[in-house]
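To start, the structure itself, in structure tokens.
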Amino acid sequence: MDRPSVRVCGPSAAGVRMSERRVGCWLSDKKRRRMNLDAFIRFCIDLTQPLGPQGPFDIILHKLSDVIVEAEHDSQSQQLLDNFQVIYVSAHPDTVLLDPLPAMAKLLDRFISGRIMSQLNSSLRDWRICSPPCLEVHSGSDLSSIQQAVIRQGLTFPLICKTRVAHGSYSHEMCLLFSAASLADIHPPCVLQSFVNHGAVLYKVFVVGDKHCCVERPSIKNFPSGPCDRKTIFFNSQKVSKPESNSNLTSVDEHMVDPPSPSSDAVAALVKELRAQLGMALFGVDVIVNIGTHALTVIDINIFPGYEGMPQFFSSLLSHIQSVLDKHAAAGSHTTGGSSEETVGTETQSEHGEARRDNWTKNQCNQQFSISKRS
């Protein structure tokens, strides 16, 4: 696993009153490179040194999910988390976290995120938004009890099996199960989810505060409903859904009728509901359109995704940071970034074809931020 960078990037943002504010950014080296944030690297602050003298920070943008996961079995990661949360954050209640650690922790557990998605079946029923039936399979569950639970919960084959932990490269390793006997191939703890035929088209909904966009990606082809003797198919969901994917799993019948695109109003309603439920501003939602019912179906929620294909991601992020700081200053509150904001959806911007992203250079970075270097 790519280790988190032991740095906090700390430029002071420019703009209206932004010169008085200090923004920290904590991302892994891998995440920073993928999102073209290397322009910040020479302004990074070493986290091995006390954070207090490096701040104070008005807002900290981070993806500490890898640290949270590793803290369960790694004392160094636990110490790192304690230093950040207990020593610094607790001592600086006015510092806004984008996003709050408790909210992020919920999405790291697919048992919890599955329950959140299940609530959409009632809260967004009028929008014909739903999530597939799912089953939590705990460690120590035997084959017979799993088979009975699948029937009892109304799951239908094929099933998709996902790891319980929703972070790290292993979390993308999944499998398609086609019969009760194939349930012997799973490794609890995990989540079983009824597979919904969707014409091999997945939509990535990327959320940045009150802005979002919907990006089309390849996905798994249709399979006949009901149990069959087909062998279990193991796959990596990240590879299958890459824009340039040419997997056999994504090949479709040329005579198949394409499912309709998601309604922009329905997507906006979904984003608004999830922002309210999660208390987060930076997340992604994987949705599909049921090829039979045309219902918008939510199959996954992701923490701080890669935003590949979202136009003007960085300008949207900066706008959101500015908005959060302005609201925080006006309210004089001591709340965290996600829960202190009004959750408002906006129109969906569709992006098809080749993915495009903002490309920041060091000059652009310097234009956007006025840097206050600290010794």
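Glycine too: its Cβ is placed from the backbone N, Cα and C atoms.
Per TrEMBL, the features are:
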DOMAIN    22-103  domain 'Inositol-tetrakisphosphate 1-kinase N-terminal'
DOMAIN    127-322  domain 'Inositol 1,3,4-trisphosphate 5/6-kinase ATP-grasp'
REGION    329-375  region 'Disordered'
COMPBIAS  332-348  compositional bias 'Low complexity'
COMPBIAS  349-360  compositional bias 'Basic and acidic residues'
COMPBIAS  361-375  compositional bias 'Polar residues'
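Within the domain 'Inositol-tetrakisphosphate 1-kinase N-terminal' (22-103), the DSSP-based counts of helix, strand and coil residues read 40 helix, 14 strand, 28 coil.
In this model, the domain 'Inositol 1,3,4-trisphosphate 5/6-kinase ATP-grasp' (127-322) carries an average pLDDT of 95.
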